[in-house]
Amino acid sequence: MFQLLFTVLAFNGPLAIIVGYITVVIGMGNGLGAPMAYIACGILIWVFAAGFTRMAHHLQNPGGFYAFVTAGLGKPAGLAASFLALASYYFILLGATAYSGLLMQQLVSGTLHGPHIPWWVWMSVWVTITATFGYLKLDLSARVLTYLLAGEIVIAGIYAGCVTAKGGAEGLSFNSFTPQMAMSGSIGLALLFAIMNFGGFEATAIYREEVKDPDRTIPRATNIFIITVTVLFAISAWVIIQALGPSHAVAAAAANPTGVVSDTIGQFVGRWAQLVVSILVNTSVFAGILASHNIASRYVYNLSVDGILPRRLANVHGRHGSPHRSSVAVSIATVVGLAPFILFNANPLVLYAQLSGVYGYSFILLLLLTTVAVFCWLRRQTLPGVTAWHRTIAPALAGIGLCGVLWLTTTNFKLLLGSSSELAYITMGGVFATGLSGVAVALLLKRKRPHVYQRIGRQ
């Protein structure tokens with residue numbers, strides 16, 4: 001179970017979020033109330049998971065959101081969800097891979113005073129390493145991710161302990177956890193940015209065919225993931241605020257969101273810790289890349305098994321047990337997708353921010369689609385262990401909450417994407433067009449290839 005849990009946790013790159021993302025929630029979101037934004041999102045995802053894990057127990061299908069939406073809302077909606085999910089994981093894979101090259105360049109030439117090597121060269125190294133691990137057995141990737149994640153958690157714990165022991169910059173304050181602070185600033189943006197840090201947990205269901213005793217492992221791993229992410233990021237947000245000092249935290253986080261945490265690590269822990277964190281942030285982003293690659297590969301595999309994509313991609317490696325051809329296809333698609341950005345010398349940091357925004361919007365749409373599917377599917381079934389909480393109350397509450405988050409995301413999409421209004425509208429249209437293309441393909445298959453249509457959703 002723990003290998004699966006660490007694989008899913010690694011998707012978010014916890015240390016990378018602590019060092020360079022939570023500060024965005026503080027600086028642009030609800031300020032000193034940032035810890036409460038993570039707690040609120042954690043509760044929302046936990047409510048969502050109540051029905052999700054019950055459905056996973058009885059559906060016993062490795063298709064993730066693809067299978068869930070198909071079972072609950074029908075094959076056209078299911079294929080729309082699969083197209084949307086695959087596109088979202090592909091975009092975050094492209095963005096994170098480009099960003100990894102920039103981070104490695106900064107580490108080698110800046111922190112370590114080594115040779116100046118172009119970011120795309122380092123990026124190519126990470127692509128090669130990711131492709132190798134993606135081809136091999138999942139257990140190997142899981143072990144690597146476990147070791148990397150352990151290092152991230154340890155250094156985050158040391159940082160939190162040192163800041164707390166030294167009383168922060170202005171003495172410890174727990175005002176962040178009061179309702180007044182929780183609702184301060186832009187609570188909408190805070191929730192929007194925070195919920196994106198809960199991505200990837202559907203992988204607990206996607207890996208059903210590759211884990212032991214999935215009926216017990218999947219719900220346990222899902223719930224532990226939600227609790228761990230909520231506690232880790234809420235506490236980290238509070239620690240960052242204490243390290244900066246409540247009176248200066250918001251301004252400092254807004255002025256230097258990617259560097260201010262590293263500065264406080266040097267102040268409270270030591271210069272050695274800054275170096276360690278610089279290295280671990282690189283491995284943290286790599287862990288997220290590998291996790292994204294593996295999830296995208298499983299989506300390609302599931303679509304290939306169903307005949308939506310070429311069946312040859314559905315082959316499983318005889319020795320490694322991995323969907324190796326799907327993994328190779330994702331690796332090739334990654335190189336092809338990144339090539340234009342290299343040729344036109346795009347800024348990898350801007351690219352990462354914009355593609356992360358696309359992923360975040362798609363993720364919220366997928367959560368909403370899935371919670372509606374869970375509601376519909378469980379209400380049509382009479383199943384042991386499924387109560388009114390799982391069947392009706394939890395999906396309804398999650399649906400209401402996710403509708404609110406989706407509205408906030410839509411109205412603030414320009415800020416999420418970090419772009420002009422025109423580009424934001426075009427991008428949003430592209431997200432919906434991706435989903436609608438799935439519906440169109442499903443309807444076409446129903447007419448032209450009904451035997452393939454019947455298999456949609458790993459049915």
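Any Cβ shown, glycine's included, is placed from N, Cα and C.
What TrEMBL records for this protein:
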type	residues	note
DOMAIN	17-376	domain 'Amino acid permease/ SLC12A'
TRANSMEM	32-56	transmembrane segment
TRANSMEM	77-99	transmembrane segment
TRANSMEM	119-138	transmembrane segment
TRANSMEM	145-169	transmembrane segment
TRANSMEM	181-201	transmembrane segment
TRANSMEM	222-241	transmembrane segment
TRANSMEM	272-291	transmembrane segment
TRANSMEM	328-346	transmembrane segment
TRANSMEM	358-378	transmembrane segment
TRANSMEM	390-408	transmembrane segment
TRANSMEM	423-445	transmembrane segment
### Query
Of the listed stretches (145-169, 272-291, 390-408), which one yields the highest count of Cβ-Cβ distances below 8 Å with the transmembrane segment (32-56)?
390-408
### Query
To the transmembrane segment (77-99), which of 119-138, 181-201, 272-291, 328-346, 358-378 is linked by the most Cβ pairs under 8 Å?
358-378
## Note on the structure
When pLDDT is averaged across the domain 'Amino acid permease/ SLC12A' (17-376), the result is 89
### Task
Could you pull out which residues elsewhere in the chain have a CB under 8 Å from any CB of the transmembrane segment (390-408), counting only those six or more residues past its ends?
44, 47-48, 50-51, 54, 188-189, 191-192, 195, 364-365, 367-368, 371-372, 374-375, 378-379
### Query
Where among 119-138, 145-169, 222-241, 328-346 do we find the most Cβ pairs under 8 Å to the transmembrane segment (272-291)?
145-169
### Message
At a threshold of under 8 Å on Cβ distances, which of 119-138, 222-241, 328-346 pairs most often with the transmembrane segment (145-169)?
### Response
222-241
